[in-house]
Amino acid sequence: MAVDVLKRVPVREQDPKVRAKNFEEVCLGYNKEEAVDEATRCLGCKNAKCVTGCPVSIDIPSFISKVKEGNIEEAYHIISEYSALPAVCGRVCPQESQCESKCIRGIKGEAVSIGKLERFVADWARENSIKPKKAESLNGKKVAVIGSGPAGLTCAGDLAKAGYDVTIFEALHEAGGVLSYGIPEFRLPKQTVVASEVENVKALGVKIETNVVIGKSTTIDELLTEEGFDAVFVGSGAGLPKFMGIPGENANGVFSANEYLTRSNLMKAFKDDYATPIAGGKKVAVVGGGNVAMDAARTALRLGAEVHIVYRRSEAELPARVEEVHHAKEEGIIFDLLTNPKQILVDDNGWVKGIEVVKMELGEPDASGRRRPVEVAGSEYVIDVDTVIMSLGTSPNPLISSTTEGLEVNKWKCIIADEENGKTTKEGVYAGGDAVTGAATVILAMGAGKAAAKGIDEFLQNK
Amino acid sequence: MFKIVKKQYLANNIYLMDILAPRVAKSCYPGQFVIVKMDEKGERIPLTICDYDREKQTVTIVFQAVGASTKIMATYEEGDSFRDFVGPLGCRSELIDEDPEELKKKNILFVAGGVGTAPVYPQVKWMKENGYDVDCIIGARSKELIILDKEMEQWAKNVYVCTDDGTYGFKGNVNDQIKDLVNNQGKKYDLVVAIGPVIMMKFVCLLTKELNIPTIVSMNPIMVDGTGMCGACRLTVGGEVKFACVDGPEFDGHLVNFDEAMKRQQMYKTEEGRAVLQAQEGATHKNGGCGCSDK
């Protein structure tokens, strides 16, 4: 097949009408032939700009050149030197604002599909049982990693490769953090992708202890003094949901997106043979415009509801990835833009019966440069819904910082840590990911985990 | 995996289990809870800690087999294991951190309703072990629903058992018993700790408000993670939204919005679930099992 160098090789997807009724992955990915074709579009730049756009600086031209040659195994080992979770990142990174935004091909035509190629390589490696390479010997030092999300898994993986004895402590019953409880099956399959990437980290020698809540089951100070750990990395994320504080918010049928997604993704409430229930709803309003809002909306749709996204700014300001908004629209999600909730209406039994909203218009730009939405007086109306999902963002859980002597946080309860090496205000304790930055992206958390692994290595080598 | 080292039938589908859980046993205190997930496909069930043995590394839980999950849980035997057992979660009882001199001066009455006797037990035990004498009421609809009364007698100065139908102890509900103690027997209490069905806690609080006795309750809303990341367990306390799993489960009972809490508990009550309760408990299930709201 002749490749048009200006256009990317299209990726196969499930038909929107079919996928709106199932939880199977939407994007089917490249096969080998398509991947090799797409790889030929890469110019193999010497000073590759794409690498600077990647928070973990994967050597993109090198792995793509191996794909071009058809040597997928070698391509996988190149990626593995930089990333512990390529099958995840290839799927959920906002490549359009990272690696692909810097691609030279993107100036005249479409950027090379770096994310889809990374995903293909990682999927191929899994299907062919290729594992990352383990450290040859241990250095006798122990590091504890708190949280098994992207930051923790990356930090643990890098430290294990450097010869450390690493144990991850996870509060939930499954490892993966937001990869397990947050991002839905139809974007990130749990068994084939998440579980197997976690297995790859374990294959490097990392131990994972689930059901341990640091700050309750044990503390960081006890890990350092009683359990013999030489350093600790905190990658506990930003899992505390925000609510609006409007009337009716405690009614039955109002959920945080975290609860709704945890029930569906982690507890598999969408499957009949799992015990956890979920209130599907007939008509659902999702408040918010981020990726989490898209995930919650598309989940509710698959559970059989008519779904409205209620967002107070316009389409241009939607913080969600363009691809996700596009997918949501294709599936039939209704966007009520420039619309803001005023109150939730409740029936006599305590259930949601509607949401009163007001129309908004965009005013002058605020300090952040975004145009501030202001209410249009007298434009209130009611949307009849039986379920409301609040997706207004999250902040770090104060449990760890409040139970660790000397670990300082800023006014948003984010742990204060050096961006370069993850160093916190407490000796031997490092931190990274959403626990430090507040809710951000998977790949930024991985970058922070990587930087902290380097920081911990330097600290322990000089100790 | 978390091994069941002891299983005991207490009464009326109520079971006690000792679970081998070293990390929880080492760090837990009265007032806290755990979350149990039986197997791969199970749900996460919150249960208050009933007792713990730091040397044997065990934690005691008590549950009533009423719903689909707890019925399966009741089929687990000694030697079997739960897949997940996480804790301790929530805050420990405030009494533990109170100034001992202040605590010594207080007359405290614990009020336990039905299965709620289990979470009261470790608190009463802790009080005795730390040198404080307290009174305790155990209430239930009838005799076969009374649990842990003999065990409680080891630790409480006075144990008052009451049943709605008079089949055991004082005839009447826990509120009748409180009134009898205060009005007829001349007892004076500075603090009440009430744990049981929400409807019971609500009515105890209405009474203690009248009697002007500060009251602590332990709330039991629907939970998922139990670590503050979802808000399924949110309640209104003194006009503010609180997450029971991290801010509680114990709160000032005179500030809790009980009506909202009761409505939220109904969220996943299916027709099938109601049928099971109806069959087991007759018409009484509608008012939370003890009948105290009828009076």
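Just so you know, glycine gets a Cβ as well, placed from its N, Cα and C.
Taken verbatim from TrEMBL:
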| type | residues | note |
| --- | --- | --- |
| BINDING | B:Val62, B:Phe63, B:Gln64 | FAD binding site |
| BINDING | B:Cys230, B:Cys233, B:Cys245 | [2Fe-2S] cluster binding site |
| DOMAIN | B:110-205 | domain 'Oxidoreductase FAD/NAD(P)-binding' |
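All features noted in TrEMBL, drawn onto the structure.
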residue  : record                        : DSSP (3 states)
B:Val62  : FAD binding site              : strand
B:Cys230 : [2Fe-2S] cluster binding site : coil
B:Cys245 : [2Fe-2S] cluster binding site : helix
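When the binding-site residues B:Val62, B:Cys230, B:Cys233, B:Cys245 are compared by the number of other CB atoms within 10 angstroms of each CB, B:Val62 has the fewest. Rounded to the nearest whole angstrom, the C-alpha distance between B:Cys230 ([2Fe-2S] cluster binding site) and B:Val62 (FAD binding site) is 25. Geometry remark: B:Cys245 ([2Fe-2S] cluster binding site) versus B:Phe63 (FAD binding site), CA distance 18 Å. The CA atom of B:Gln64 (FAD binding site) is located 20 Å away from the CA atom of B:Cys233 ([2Fe-2S] cluster binding site). Listed in sequence order, B:Ile14, B:Tyr15, B:Met17, B:Ile45, B:Leu47, B:Thr70, B:Met73, B:Ala74, B:Val115 are the same-chain residues at least 6 apart in sequence whose CB falls under 8 Å from the CB of B:Phe63 (FAD binding site). Each of the binding-site residues B:Phe63, B:Gln64, B:Cys230, B:Cys233, B:Cys245 was checked for a CB under 8 angstroms from a CB of chain A; the ones meeting this are B:Cys230. When the alpha carbons of B:Cys233 ([2Fe-2S] cluster binding site) and B:Val62 (FAD binding site) are compared, the span between them is 21 angstrom. Within 8 A of the CB centroid of the FAD site residues B:Val62, B:Phe63, B:Gln64, the other residues of that chain are B:Leu10, B:Ile14, B:Tyr15, B:Leu16, B:Leu47, B:Ile61, B:Ala65, B:Thr70, B:Val115, B:Ala118. The local packing around B:Gln64 (FAD binding site), expressed as other Cβ atoms within 10 Å of its Cβ over all shown chains, amounts to 21.
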